[in-house]
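Notes follow once the structure below has been shown.
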Ligand code: HEM
Ligand code: FES
């Protein structure tokens with residue numbers, strides 16, 4: 001059945017080369033944990049991506065209940081966690097995943113560093129990786145405000161005050177992030193928009209660039 | 001002489017000053033694209049940076065306490081201001097530490113620690129200083145930063161009228 005459907009489509013659109021081009025590539029021995037167990041360090045990049053996918057999916061589902069409003073945000077998070085079936089789990093995935101993604105990214109960066117994979121011709125991928133790192137930090141910072149509890153409020157206040165200490169342009173950065181003079185209604189809507197639209201969009205673009213470059217250049221050689 | 005010149009130019013390839021058709025088309029198409037993208041993006045950018053450009057409201061002065069209650073020892077006073085936060089209006093309570101300085105002038109300090117924004121209190125450790133519970137910043141009675149924080153406590157603008165102390169907007173410390 002499935003095969004027939006596939007063949008029917010393939011006859012018309014010739015889709016086999018499309019996915020073969022993505023899927024068919026050698027996994028060299030030195031990155032395959034089945035050959036050398038220590039090669040598991042090469043898995044951290046994939047694990048980072050796996051958790052990123054979980055963040056994006058769980059985040060999309062959280063927005064089915066969450067409202068970015070100073071009166072209702074806390075109540076909506078309380079509701080989705082305690083009243084909605086599996087809410088504990090879906091919010092838990094997003095909450096703990098946010099920390100785990102940083103851990104995985106850090107381990108992946110260590111692997112790249114100690115295998116010297118950032119060297120020519122892969123310098124641009126190191127730079128893109130750093131941009132991904134900062135986007136992730138931005139997602140963590142903006143997401144942390146969303147539950148609108150005391151911890152969220154003060155973390156944001158302190159975070160923006162640190163940004164405000166940048167010479168010359170600090171106060172403009174702070175006004176832009178606050179959306180006013182205080183952590184308030186406009187800060188919450190702003191952080192929500194940045195958290196669920198702007199940064200994920202930028203993240204996906206950077207990940208695409210990251211993976212395209214890896215396919216072009218292949219995985220770096222053994223030590 | 002003129003013959004000679006003509007002879008020279010005849011050998012050179014024709015050099016036209018006009019741009020080529022291809023160049024003209026890419027300039028017009030590029031210009032149109034830039035104009036259309038600008039038209040689309042500009043409103044959004046202006047929309048996003050609006051909070052940077054709206055005029056800050058000059059805060060009104062609020063009646064806080066009788067002048068006669070103010071002592072040389074700082075005391076904590078609470079008062080309410082009217083706050084507009086986007087589409088929400090509220091009357092949050094603020095705190096000021098008011099005292100008389102050595103110059104006999106009444107001044108009011110903001111309780112927000114200049115290190116990372118915790119709330120400071122007068123004399124919790126018995127040194128006649130303001131102390132911050134978070135990372136042990138200390139400030140003198142005038143708000144001068146003595147440890148941890150790198151700037152003095154902010155002040156409220158003070159107005160004394162008809163025997164009452166009125167407090168206004170927060171300004172940088174003027175006393176240290
Ligand atoms: C790699 C990407 C992401 C990271 C690191 C991240 C991080 C975070 C963090 C730290 C929180 C606070 C969680 C808590 O206090 O329990 C949060 C909340 C939230 N995030 Fe994300 N996030 C990511 C992607 C997304 C995406 C793509 C969406 C939506 C499309 C999203 C939607 C939300 C929502 C609605 C909340 C509020 C609910 C809650 O606090 O549990 N997130 N995020
Ligand atoms: S916030 Fe007051 S000492 Fe750090």
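A Cβ is built for glycine as well, from the same backbone N, Cα and C atoms used for every other residue.
Taken straight from TrEMBL:
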DOMAIN    A:5-223  domain 'Cytochrome b/b6 N-terminal region profile'
TRANSMEM  A:39-67  transmembrane segment
TRANSMEM  A:96-114  transmembrane segment
TRANSMEM  A:126-146  transmembrane segment
TRANSMEM  A:158-179  transmembrane segment
TRANSMEM  A:191-214  transmembrane segment
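Among residues of the same chain six or more beyond the transmembrane segment (A:158-179), those with a C-beta under 8 A of the stretch's C-beta atoms are 141, 186-187, 189-191. Using a Cβ-Cβ cut-off under 8 Å and counting only residues 6 or more beyond its ends in the same chain, the transmembrane segment (A:126-146) has close neighbours at 55, 59, 66, 68, 73, 77, 94, 98, 101-102, 105, 109, 112, 118, 152-153, 155-156, 159, 183, 187-188, 191-192, 194-195, 199-200, 202-203, 206-207, 209-210, 213. Nonlocal intrachain contacts for the transmembrane segment (A:96-114), taken as residues 6+ away from its ends with a CB within less than 8 angstroms of a stretch CB, comprise 41-42, 44-45, 47-48, 51-52, 54-55, 58, 126, 129, 132-133, 136-137, 139-140, 143.
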